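Only one structure is covered here, and it is reproduced in the block below.
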Amino acid sequence: MITRTKFDPKEIESKWQTKWEADHIYNASDESSKPNFYNLVMFPYPSGDLHMGHWYNYSPFDTYGRFKRMQGYNVMQPIGFDAFGLPAENAAIKRGIQARTWTLANIENMRKQLRAMGAQWDWQREVITCLPDYYQWTQWLFLQFYKKGLAYRTKAPANWCPGCNTTLANEQVLADGTCERCGSLVERREIDQWLLKISSYAERLLDFSEVTDWPEKTITMQRNWIGRSEGAEVRFTSTIGDKQEEIPVFTTRPDTIYGVTFFVLAPEHPWVNKITTPEQRAEVNAYVEQARRMTEIERMSSDKEKSGVFTGAYVTNPVSGEKTPVWIADYVLMSYGSGAIMGVPAHDQRDFAFARKFGIPIREVIRAEEDEVSDPATWSEAKEALGVMVNSGPFDGTPGEEAKARIIQFIEEKGIGHSTINYRLRDWLISRQRYWGAPIPIVYCAEHGTVPVPEDQLPVKLPENVQFKATGESPLRYEPEFLNTTCPICGGPATREADTMDTFIDSSWYYLRYADAHNSEEAWSQEKMEKWLPVDQYVGGVEHAILHLLYARFFVKALHDMGHLNFDEPFKRLFHQGMVLGSDGQKMSKSRGNVEAPDKYVDKYGADTVRCYMMFIGPFEAGGLFRADNLEGVWRFLNRVWSLVGETWVNKPDTRETSESKAIERLRHKTIKRVTEDLSHFRFNTALAALMEFNNVLIKQQRDAVAQSQAYRDALQTLLQLLAPFAPHIAEELWHQTGHANSIHTTEWPAYVEEMTRDDIFTLVVQINGKVRERIEVAADISEEEVRTLALNNERVQSFIGQASVQKVIYIPGRLVNIVIRNN
RNA sequence: GGGGCGAUGGCGGAAUGGUAGACGCAGGAGACUUAAAAUCUCCCGGCUGAAAGGCUGUGAGGGUUCGACUCCCUCUCGCCCCA
């Protein structure tokens with residue numbers, strides 16, 4: 001016995017945290033002979049507090065990283081802060097405190113909380129995106145994109161609040177379309193903005209062949225978001241003034257072109273003004289105005305009643321030669337395709353609803369073979385399936401895919417269109433008319449127009465003391481010292497771009513910077529990049545499945561093409577944790593009043609208990625309910641480990657083998673196997689259950705003679721090592737109390753021998769017609785013949801068989817035997 | 001409306017097509033204690049039985065199989081994503 005002290009997490013946790021940090025045991029070496037492993041978790045926004053979700057996310061993540069370290073990897077596990085963004089500005093306005101001050105104070109507090117988790121963070125690689133030594137390189141990256149023509153400026157629609165006289169981010173627009181600050185109805189306005197040409201990478205982003213382990217769900221979501229569709233662009237014609245003009249439409253169904261009975265422009269389409277007849281103008285203008293006030297989501301909603309207005313104009317169908325009326329309707333979006341569609345009500349559901357509403361004729365031009373001839377006026381919905389062309393002049397009788405191909409061939413020959421691929425993915429709008437972000441490194445010169453800031457003049461520094469407007473408008477627009485500059489080309493007076501970059505830009509490359517966080521000469525060196533990247537394991541919420549992860553992939557592919565990276569997928573393996581919910585099964589939120597702060601429980605039970613509890617809730621990917629009661633379970637478990645090791649450790653173990661010691665040794669190997677396999681597959685809950693079982697068995701035998709054995713002492717030692725990734729402090733403390741001088745976290749993960757995980761006896765289950773009737777202890781190497789004899793001669797089994805005849809005996813080695821009988 | 005995921009004791013959950021409910025919480029009984037807390041021991045799906053045991057049971061209904069929580073079909077409910 002070595003100790004009878006009480007388990008006091010407070011004391012040991014701060015002791016070991018200090019010691020680990022002083023010894024730098026978690027700072028990944030750039031020069032290690034071990035294989036590198038880059039273990040990454042999505043970095044937090046510095047809201048000021050580490051909440052339950054962070055603990056739920058980081059505890060298993062850290063346990064996994066510790067497991068990999070003990071398995072012999074040189075693990076890099078960095079942490080940092082996604083520190084730009086709107087909340088800092090809101091705090092600045094509300095509390096009269098500078099955004100930078102607020103953010104850095106929050107970071108300071110969160111660092112403390114992150115340290116208290118006892119995770120193996122490599123603090124030497126910390127990145128903070130709002131500091132100039134980081135955003136200098138964000139700006140540098142922007143310039144690289146600009147040089148390659150991947151960053152451009154154009155008029156793009158933005159959320160505009162007429163009350164505040166400013167643009168709003170999507171998050172600032174409430175669900176009812178009003179401004180969160182002043183309540184005005186938000187409009188969409190065309191404003192000059194910067195975009196990144198992600199659309200030119202659409203095809204490449206659809207290729208996931210370089211990732212090794214991503215959730216299929218996430219890949220599907222990205223594919224749908226990119227929204228590739230094959231089809232044709234067809235140019236309709238119209239006479240405007242005295243000129244014949246062409247207007248392109250995109251369709252995935254060129255085979256339905258004879259079914260066009262109307263034509264629709266998006267309300268903001270440039271043609272609307274040109275072609276509307278004087279009689280229709282007032283009505284059209286009113287409709288355009290109304291559509292402008294709606295969000296795209298509202299407009300696209302399929303259960304919304306269709307609306308639209310006739311323009312008075314007509315276009316000519318270039319294939320059939322027919323004239324069709326031109327409408328405008330808000331279900332057509334300017335941002336998809338060409339902002340114009342051919343209306344085929346018979347074979348497109350939305351067109352069908354529109355035609356029904358406005359009494360537009362519906363003409364069937366595709367018929368499924370089994371279909372009877374019927375009047376489209378009697379249909380209740382459009383027939384969207386492929387079929388044979390009818391009512392289509394010379395094309396009648398052409399089936400399915402061939403029909404599409406023949407129309408495409410026809411329009412290409414006539415020069416009135418061509419086959420094409422359309423993507424739903426739009427270019428990435430990165431301008432934010434905000435203060436707290438990385439300034440876009442561009443100046444405007446009367447002489448030279450748009451001029452990029454030369455790389456050696458970076459960073460373009462964000463002024464740190466600014467006056468906020470009550471409206472929330474960006475103070476950068478009123479900072480002459482920031483705005484007024486000189487043209488890098490001619491030295492003449494010039495104005496800086498006052499917009500800052502979307503914070504998704506910051507997070508699109510932070511994982512690259514971790515590899516070389518303090519490089520003041522370049523964003524990263526080739527050497528460090530090649531050493532650490534791509535990321536081996538990435539863990540983060542499914543809410544980032546589309547935007548963040550798609551943007552990061554785009555960055556890496558573009559930077560790869562520019563020669564800055566030697567790989568083109570950033571994250572080899574990806575894991576999405578589930579969400580931790582309140583005890584009522586609802587998402588934690590202030591309004592529901594079910595928010596639980598982790599600090600309270602860390603204070604009461606210690607970090608080890610909270611970490612373990614987070615992992616014990618259930619499968620990591622599934623999330624689960626936080627129930628304070630259940631913390632008691634893991635708390636008791638850790639206490640039992642504490643007293644077991646303290647009371648049972650012997651310095652001079654008995655090395656003789658007994659059947660009991662062999663059984664302990666077998667259990668030790670079995671447990672290593674279970675925990676190793678569970679951790680490899682992110683099954684933290686069952687790994688902990690295995691440790692609890694192991695602990696329970698050892699406790700049961702703690703007063704027996706076997707507790708004096710070498711095997712038992714080995715078992716205690718293994719228990720501590722297996723527990724170390726989960727509960728790093730208590731494991732370290734007990735490791736030292738049992739006479740070890742090194743850190744348990746630098747020890748090698750225990751190995752198991754497959755042979756030792758197998759028992760020499762097992763419980764043979766005897767079923768009769770699939771029902772368990774008897775259990776017999778038998779030797780592991782029992783033959784099938786012996787099993788048959790044993791089972792059939794068993795007294796209980798006999799009594800169940802009675803007069804019935806045995807039809808069949810099925811033996812599953814090592815498990816069970818099923819006797820199939822039939823009553824005579 | 002489309003797609004995906006899920007539904008197992010009072011609760012969280014566990015089960016390569018092979019002993020359903022591991023592990024833990026809550027609950028019950030007992031030990032220790034002047035008492036309580038802590039700790040320890042036992043019990044703990046339902047029905048039935050003194051017990052041994054029997055029957056039944058993984059959202060509902062069907063199917064495949066010697067055997068189904070697990071595979072297939074239909075339905076109900078819940079969550080997520082897209083519309």
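One-based numbering along the chain as shown.
Each Cβ is built from the backbone N, Cα and C atoms, and glycine gets one as well.
Keep in mind that TrEMBL annotations are predicted by a computer and have not been checked by a curator.
Record note: among A:44-54, A:297-307, A:374-384, A:396-406, A:44-54 is the stretch given as motif ''HIGH' region' by TrEMBL. Listed ranges A:27-31, A:367-371, A:587-591, A:667-671; the one TrEMBL annotates as motif ''KMSKS' region' is A:587-591.
With a cut-off of 8 Å between Cβ atoms, the residues of this chain six or more beyond the motif ''KMSKS' region' (A:587-591) that come close are 51-53, 579-581, 626. Most Cβ pairs within less than 8 Å of the domain 'Methionyl/Leucyl tRNA synthetase' (A:43-184), among stretches A:223-411, A:425-615, A:663-785, belong to A:425-615. Within the same chain, no residue at least 6 positions away from A:Lys590 (ATP binding site) has a Cβ under 8 Å from its Cβ. Confidence over the domain 'Methionyl/Leucyl tRNA synthetase' (A:43-184), given as mean pLDDT on the 0 to 100 scale, stands at 90.
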